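Visitor: Below is a structure I'd like to ask you about.
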Amino acid sequence: MNTASAPEATGAESLRTSETLKALYGYVRPHRWAVVLGLLLALAGAAGGLLQPLATKALVDRLSSGGTIGTILLAMTVLVLLSMVAEAFGAYVLERTAESVVLAARRSLIGRLLRLRLAEVDRMQPGDLMSRVTSDTTLLRAVSTQAVVSAATGAVTLVAAVVVMAFLDAVLLGVTLGVVAVVGVGAVLVMPKIGQAAERAQAAVGEMSTGLERVFGAFRTVKASGAEERETARVEAAARRAWRHGVRSAKWEAVLGSADNLAVELAFLAVLAVGGARVASGDMPVSTLIAFLLYLFYLMEPVYQLVEAASHYQEGAAAIARIAQVDGLATEPQDRHRSVQPAVTKAVRPRPASVRFEEVSFRYGPRLPDIHQRVDFEVPGGGMTAFVGPSGAGKSTVFALVERFYEATGGRVLVDGKDVTKWPLSELRSVIGYVEQDAPVLAGTLRENLVFAAPGATDDEIREVLARTRLDALVERLPHGLDTPVGHRGTKLSGGERQRVAIARALLRRPRLLLLDEATSQLDAVNELALRDAIAETARETTVLVVAHRLSTVTDADRIVVMDAGTVRAVGTHEELVAEDELYAQLAATQLLTSAGRPRD
Ligand SMILES: Nc1ncnc2c1ncn2[C@@H]1O[C@H](COP(=O)(O)OP(=O)(O)OP(=O)(O)O)[C@@H](O)[C@H]1O
């Protein structure tokens with residue numbers, strides 16, 4: 001198991017250039033023909049531009065010899081129009097491809113994020129993970145297509161222009177290349193600075209999302225604690241960091257961007273001086289100098305394209321590294337036959353599942369303490385088993401191991417006598433109904449929440465479960481009944497209602513094993529009684545494991561497992577344990593089990 005060690009990770013390791021290029025190729029590969037088409041169209045456009053100076057030279061020569069220029073002018077107009085059309089269509093093809101690359105990267109990231117192991121999610125920040133899907137993928141747009149095509153067209157047209165210039169005048173070409181080389185060395189030195197700034201800016205965007213996610217995850221607490229200003233300052237600080245690094249990147253890009261102008265301007269002056277002297281001395285016709293100078297300005301475009309490709313590459317490399325980091329996170333094994341839905345109809349009574357822990361040891365990370373030490377117990381199919389013990393004893397962790405959210409570091413967890421690691425994961429989870437301690441409710445309607453774990457549930461089944469969990473009265477009160485939106489995290493429901501929705505959701509799945517992590521907050525007496533009845537009824541046809549925080553729950557249980565500091569201390573009925581186990585007797589005497597930690601001796 002790839003368990004987490006670092007408490008959190010937000011930064012991304014830079015990749016080697018070869019790794020970045022390999023990843024880039026991976027993104028471009030499925031769209032290579034579209035990129036090639038875009039490239040051909042860009043080259044066609046560039047070729048039109050390349051022929052312009054030659055046409056100009058022919059025009060000047062024709063004028064000097066007193067000939068007519070109508071045909072040449074017409075040819076030049078057609079050339080301009082054709083190259084414009086080619087460039088526009090090429091640009092569209094590339095933009096479309098770029099969007100497809102972004103979509104593919106987002107789809108792969110989204111699919112991966114939802115399959116991440118819990119240990120990985122524990123150490124990452126959800127906000128930062130989200131920014132990788134939303135913001136970093138956007139940077140792929142430029143690097144995956146424009147940069148590739150700019151680099152290719154830039155290089156091809158540069159070489160073509162240089163060949164034609166060599167053909168026109170080798171001395172002037174030497175002067176030009178000398179100047180361009182000097183400026184080019186400076187530009188190469190600047191490039192890594194853009195990459196570095198872009199990477200830091202993207203990391204800061206990730207921190208910003210993390211800060212916002214933190215605030216909205218506990219919005220009422222933030223307000224009640226009067227922490228709005230502090231939290232605003234925190235998110236703003238990340239926004240300012242993103243700005244600072246963004247500006248730094250822009251500064252170096254501006255330096256790089258002006259370098260190509262500078263190179264061409266300097267080369268222009270040098271060529272004008274040397275070429276002017278050669279024309280004056282009669283070594284070169286003036287039309288050659290004009291054509292050469294036009295090529296020199298034509299050179300601006302490919303040089304600009306190469307510089308642009310380099311900038312995009314630097315930015316894109318930063319994003320690719322951050323995306324690659326998610327690709328490196330451990331995911332849960334994917335079953336060959338996915339989405340096993342419980343699809344248990346009322347006619348088929350689900351067979352209760354048995355659970356066994358065999359000498360199970362577990363810790364949440366290699367450098368974290370043991371949470372379970374040789375935990376050993378057996379629960380036969382059916383009935384209710386309660387887990388009690390002081391806070392932090394490892395009770396909820398039992399459920400996490402049964403659901404295989406984490407894997408035991410020693411021993412075996414068996415469901416129906418079969419090691420959970422041998423179960424196809426989706427099949428294992430399809431057998432289980434799970435109610436978390438904080439009873440999460442998702443944004444959406446009440447109906448969506450209820451059928452979340454059993455999308456095929458019928459209206460009759462929903463009605464029956466609503467009655468069992470005493471939610472029917474609530475549904476009648478709601479303006480749109482089951483189709484009323486419940487708000488972000490179910491904020492429009494009361495705590496007790498959220499708890500009952502979570503239980504109803506698990507019951508609708510008609511599980512063979514119900515894991516109920518009882519909330520420490522009290523339900524009102526009427527609803528508590530109703531829920532006890534509902535769970536007792538469920539326990540007649542399903543195995544129910546409940547982490548119990550209320551004495552009333554344990555007195556109903558067929559068996560009670562007392563846990564303390566990661567070990568099973570005793571197993572028995574309420575009466576047996578009150579008589580035989582000192583810790584249990586103390587816990588039972590406090591009525592409210594475990595919520596305040598282990599009672600003092
Ligand atoms: N994801 C996690 N990463 C690291 N440590 C964790 C994680 N989840 C729980 N722990 C630690 O494991 C220990 C056992 O937690 P667990 O939730 O199983 O306790 P519990 O007995 O259910 O407690 P409570 O009655 O308070 O709910 C605790 O000390 C907790 O801090």
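Placed from the backbone N, Cα and C atoms, the Cβ positions cover glycine too.
Curation does not apply to TrEMBL; its annotations are automatic.
Keep in mind that what you see is a predicted model, and the values were worked out from it rather than measured.
TrEMBL feature annotations, pasted as is:
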{"type": "DOMAIN", "residues": "36-315", "note": "domain 'ABC transmembrane type-1'"}
{"type": "DOMAIN", "residues": "355-590", "note": "domain 'ABC transporter'"}
{"type": "TRANSMEM", "residues": "33-51", "note": "transmembrane segment"}
{"type": "TRANSMEM", "residues": "72-94", "note": "transmembrane segment"}
{"type": "TRANSMEM", "residues": "139-164", "note": "transmembrane segment"}
{"type": "TRANSMEM", "residues": "170-190", "note": "transmembrane segment"}
Visitor: So which residues does the transmembrane segment (139-164) touch in its own chain, when a touch means Cβ under 8 Å and the partner is 6 or more beyond its ends?
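Guide: Contacts of the transmembrane segment (139-164) (Cβ under 8 Å, skipping residues fewer than 6 from its ends): 24, 27-28, 31, 35, 38-39, 42-43, 46-47, 49-50, 54, 90, 94-95, 97-99, 101-102, 105, 173, 177, 198, 202, 295, 298-299, 301-306, 308-309, 312-313, 315-320, 323.
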Visitor: Checking distant contacts: for the transmembrane segment (33-51), what same-chain residues at least six beyond its ends satisfy Cβ-Cβ under 8 A?
Guide: 79-80, 82-84, 86-87, 89-91, 93-94, 96-97, 100, 145, 148-149, 152-153, 156-157, 160-161, 164, 298, 301-302
Visitor: Counting only residues 6+ away from its ends, which parts of the chain sit with a Cβ under 8 Å from the transmembrane segment (72-94)?
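Guide: For the transmembrane segment (72-94), the nonlocal Cβ contacts are 34-35, 37-42, 44-49, 51-52, 55, 58-59, 62, 145-146, 149.
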Visitor: Tell me, roughly as an integer, the mean pLDDT over the domain 'ABC transporter' (355-590).
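Guide: Mean model confidence (pLDDT) across the domain 'ABC transporter' (355-590) is 88.
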